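*Asks:* Here's a structure for you.
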Amino acid sequence: MLAKRIIPCLDVKDGQVVKGVKFNELKLAGDPVELAQKYDREGADELVFLDITASIEDRGTMLEVVEKTAKNVFIPFTVGGGIKTVDDMRRLLQAGADKVSINSAAVKNPELISQGSDRFGSQCIVVAIDTKKTEEGYQVFINGGTKNTGIPLMDWVKEVKYRGAGEILLTSIDHDGGKNGYDNDIINQVARVSNIPVIASGGAGTIEDFYNVFHKGQASGALAASVFHFEEISVKELKNYLSEKGVEVRL
């Protein structure tokens, strides 16, 4: 039985972490490397950095963040946002990222998944999928969750798996930011259909939500941002709770 993973998510814009960060003991609350080190010390299993910098010219800043993080942090981390080519992947992996995450670019050009997987190995390729329930059922959304592609979720999950993705990062747009728990039913279905690790994202509000996403959702990892950034839940406390409830975690 593989240990379940707890994964803080850091949204980085112009080299700073955004989306409310409240850390009293840090000199620079928005410094991604400091935050990454803090989560590493607390026992997080992995980290995800999402580069939400608007302009393409500023991508160099993210490479610096990746290089610094790789030197100072000893847990695996994934970088996503703005990756459109195999060359983009190569630059981030060479800078020290363990995995890259692709979302809209993969939907527009599914061959990118195959190319990345062939070149770097499937273990490096995470496909992020944003989904929302519509009248036609769950469908895939792109461009930050604003555009419905009309692609049925399960069709895309099967294609992503077939093309060599190593894992899926599944965000339920309806649950994101709501703090009412993860969308466990759809996470469970995606985990069963894909048969590759699924990281659940969107909806964490309490420590019970994490137990439920592992128990009911059968997720391999649980990603969250604000509950960690605002110190509503500490990684250490969360892992102790999960362990007491019989969930296999790395303590």
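Cβ coordinates come from backbone N, Cα and C, glycine included.
From Swiss-Prot, here are the annotated features:
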| type | residues | note |
| --- | --- | --- |
| ACT_SITE | Asp11 | active site |
| ACT_SITE | Asp130 | active site |
*Asks:* Can you see whether DSSP assigns Asp130 (active site) to helix, strand or coil?
*Replies:* strand
*Asks:* What same-chain residues, at least 6 away in sequence, bring their CB to under 8 Å of the CB of Asp130 (active site)?
*Replies:* Asn103, Val140, Phe141, Ile142, Gly144, Gly145, Thr171, Ile173
*Asks:* What does DSSP assign Asp11 (active site), in three states?
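*Replies:* Reduced to three states, the DSSP call for Asp11 (active site) is strand.
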